[in-house]
Amino acid sequence: MTETGRLDRILALEIARVTEAAAVAAARIRGRGDEWEADQAAVDAMRTELNRLPIDGRIVIGEGERDDAPMLFIGEEVGTKKGGVVDIALDPLEGTTLCVKNLPNSLAVIAFAERGSLLNAPDVYMDKIAIGPDFEPGLVGLDRSPADNIEALAQAKGVTPDRISACILDRPRHAKLIAEVRETGAAIQLIGDGDVAGVIHTTNPHETGVDIYLGVGGAPEGVLAAAALRCIGGQMEGRLVLDTPEKIDRAKRMSISDPQEIYKLDDLAKGDVIFAATGVTSGNMLDGVKFSPGRIDTHTVVMRSSSGTIREIRARHTDLAKFERP
Ligand code: VTB
Ligand code: MG
Ligand code: MG
């Protein structure tokens, strides 16, 4: 943090190196079918790059526990320790399956926040709902049925529900949700993975065709998506799925006392937040990494909540030694 109580604005540029490195490492394994290798490559590259940053960083949200995949550990300390104190949420490769099948929307993602301002959630599932900016607060919510939410959104947009498109993860657990949404007449964009992108897509329905995100995905991805919405605008709610005594216990140890609590955007990520994502495979929001002899191109979005600035960084890298694995 700087003296003004905000994250150092320089970090909003430096953070791009971290997701660029992870995205390049993962993209080398794109389409090769090996999920473990892809996660490991992204994790290693992200850790190396984080440790070069002038921050006193602590990982508070990491994805991988749930699938027993390679990860940066919750509680792990990163950075040179010679800079500001930050809490970090990350998913070095969000949408691993998309990456190894070379399908759209896999990303390297990270968020920095002031200490104590990200929800300290275990890597369990989270029920989520999100819509873009420009709607009255509380227009949709997890305490209402999917049909009520779709109808409220349609009304606010001045259209009939059949003009609404919902993004939902294609999972058997969503059979009932999908049926209920279809019943309203709304269309569904079923995604294989990648709900960080899915949630962010609600902020730009014109480009993405997604008006609302619904359903159960990873909790780390929920906190990361919330960090992005804090910068772009939009509404989101999340509720952890704590459906076994073991998960309730794990959450309690992270100071979560009410297993049913519905978290609003500011409960998921409050204070000053910086978010960055680099495309691994091309998608609606970002281009994937492009390789050619002597050159690698990356496409990154960096956002900062305190200013609301959204920067797209298209980088042409020719010093390729920096991407070699240590
Ligand atoms: C979602 C998806 C992610 O995990 O969060 C998902 O958006 C939830 O887990 O890309 P399941 O795959 O078990 O449904 C990912 O697929 C991977 O992080
Ligand atoms: Mg991942
Ligand atoms: Mg993920």
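Heads up, the Cβ atoms here are built off N, Cα and C, so glycines get one too.
In TrEMBL, annotation is done automatically, which means it is predicted and not curated.
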With D91, E94 listed by TrEMBL as binding Mn(2+) 2, identify the candidate in E180, E183, E207, E221 belonging to that site.
E221
Which single residue out of G57, G62, G75, G218 does TrEMBL record at the substrate site shared with E94, G95, T96, Y125, R171, P172, R173, D193, G194, D195?
G218
Quick one: among the binding-site residues T96, R173, which has the most Cβ atoms sitting within 10 Å of its own Cβ?
T96
How many Å lie between the Cα of D91 (Mn(2+) 2 binding site) and the Cα of E63 (Mn(2+) 1 binding site)?
6
Neighbouring C-beta atoms (10 Å sphere around the C-beta of E63 (Mn(2+) 1 binding site)):
26
Binding-site residues clustered about E94 (Mn(2+) 2 binding site) [Cα within 10 Å; pool: E63, R171, R173]:
E63
